[in-house]
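Visitor: Structure provided below as structure tokens; questions to follow.
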Amino acid sequence: MAVEEDAEQGFMPQKKKSSSDEDKRRKKIVPGSLMKALMRPGGGDSRPSDGDQVIYHCTIRTLDGVVVESTRPDHGGKGVPIRNVLGKSKMILGLLEGIPTMLKGEVAMFKMKPQLHYGEDDCPISVISDDMGVVKKVITEGKGWESPREPYEVKAWISAKTGDGKEIVSRTQGEPFFFTFGKTEVPKGLEMGIGTMARGERAIIYVTSQYLTQSPFMPEVEGIEEVHFDVELVHFVQVRDMLGDGRLIKRRIQDGKGDFPMDCPLHDSLLCVHYKGMLLYEENRVFYDTRIDNNGQPLEFSSGEGLVPEGFEMCVRLMLPGEIALVTCPPDYAYDKFPRPANVPEGAHIQWEIELLGFEMPKDWTGMNFQSIMDDAEKIRSTGNRLFKEGKYELAKAKYDKVLREFNHVNPQDDEEGKVFVDTRVSIWFTSVPFLKLLWLLFLTYINPFGADFLFILDTKNLLHLNVAACYLKMGECKKSVETCNKVLEANPAHVKALYRRGMAYMAAGDFEEARTDFQMMIKADKSSEPDAKAALLKLKQKEQEVERKVRKQFKGLFDKKPGEISHAGTEEEEDKTLAKDQKEGDDGDSDGNNSEESHEAVEDVRQASWFSFWPTGRRLFSSLGLQRCTIL
């Protein structure tokens, strides 16, 4: 592959490497990594050294004989030799070490390991594809670290020549070429190369035939073995497919200030935005504009609290201060699950034009006094309870997790707070020894030298763990719900609410025996919980009967036939009808109801056991079928 090289380029000022960097490069040279074969001897007895100018022709091939680059005309080059200054010009390590071994006029072949040529970090030419079908040489460095990727919108000046210098596409006039990354609007190899460029960078991208796909930019590619693209990346617009299915798209139309994503809003930040809402398929009819309908005042809201549509918040969280973005949003991420403005029809696709004016970072508990920390924790927990009641379980869980996480990083500031914030690991250690569990609980209840606040913190953390467990249960993650309840029960095995919630998680997962044990343990631990425990046990019995009915229907007559006879299994339609009936009769009591700590979840009364109750329990029935354990998901 040919490389265009101006005679003066070797003398461009280079930043001198430190001796440590140079030593680090030379350490890559190990026995067998660089080998030399003499093709034609040279004359004289002097060899070049650091600081000397060297003028040479060079052809680089792969081991299969494919030419990567060359200065010679018979290999696609222009016939102009390379001029470098040893130790100052940017050269691949193999040549930097090999050329000083040569005499004037000598022709030699060097065989190099990857770390001495294009695999080197400081190489002037970067290999884009492993087979060297796409190679890039940087002419002018760009700015920033971000590179275009699908589905970014790109503007670039592009010209193209064949390997022998014939012009195919002249530099576009008037406006840079515009294309959408990932839409096959330019050849594949060219797009791969542009995908490694920074804004403002100029580079030569060498593309061989296997990467020259047809495109609007180059409709004719047959018969062309190699193309050299001269590319200057002018600008690209960040376009993000937020869901990965093309429905929720964020398009940056004005850059913000700062570096993405480090300077984007964090969770729980207070955001300040102006926005304009439009109906996408009604000629972008505006239904709300903060600059008009809000007396010119921007909208302020805290992220992670469900105060704006989900699609709106997802996109704002990826914006920089001062950025303006155009967001296209489907109904289920707009107003189908959020209070819908009166002038927005049901099922409407929305387009928002959003400007992030700025944001305030969430409070840092470091340095705050104990009372301020607990007030802030209570505020966050209350927000989590509201989100739970609204059915936004993931957001609620994030609030509870935040408080639990922050508690672990809070340190007391004086002796009094030190008594309050005694390390809870003491409690865990004591309760890990069976004999000391009761002593520890009695100690905390009747003696407790740490003060009432210590018990308050322990109780708050327990309640938060149980709220997280309730969120997991609502999200269908029963195993995680059980694991979270265990964190409370490890310190207090008789915690009634933890037993109840773990029992509900076991029941939802189909682990009926474990659920029954927890509900029965509730009665032993606290007689006042007996009504809730008995209601849960009745519900559990109903669930077991539902499973038994399903199994009976599925294996109807399976064990009543003689050998050789065909048994009749319940049809899928019959099973669906039975399950639908069971769902109607029994699932009304599944809700956890109120998630507050003042009361247990309300459990509806369940009807008395039906005539199916004479059938064996689920575990014995599964055993009779040869199944030692059956989990209903």
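Placed from the backbone N, Cα and C atoms, the Cβ positions cover glycine too.
Take a look at what TrEMBL says about it:
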- 577-586: compositional bias 'Basic and acidic residues' (COMPBIAS)
- 51-138: domain 'PPIase FKBP-type' (DOMAIN)
- 151-237: domain 'PPIase FKBP-type' (DOMAIN)
- 268-360: domain 'PPIase FKBP-type' (DOMAIN)
- 1-51: region 'Disordered' (REGION)
- 561-603: region 'Disordered' (REGION)
- 496-529: repeat 'TPR' (REPEAT)
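Walk me through the surroundings of each of these features.
Guide: Across the domain 'PPIase FKBP-type' (51-138), the prediction's mean pLDDT works out to 82.
Across the domain 'PPIase FKBP-type' (151-237), DSSP classifies residues as 10 helix, 37 strand, 40 coil.
DSSP places the residues of the repeat 'TPR' (496-529) in helix, strand and coil in these numbers: 31 helix, 0 strand, 3 coil.
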Visitor: By DSSP, what is the split of the domain 'PPIase FKBP-type' (268-360) into helix, strand and coil residues?
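Guide: Split by secondary structure, the domain 'PPIase FKBP-type' (268-360) comes out as 14 helix, 36 strand, 43 coil.
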Visitor: I'd like the per-state residue tally for the domain 'PPIase FKBP-type' (51-138) from DSSP, helix first, then strand, then coil.
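Guide: Its residues divide into 15 helix, 30 strand, 43 coil.
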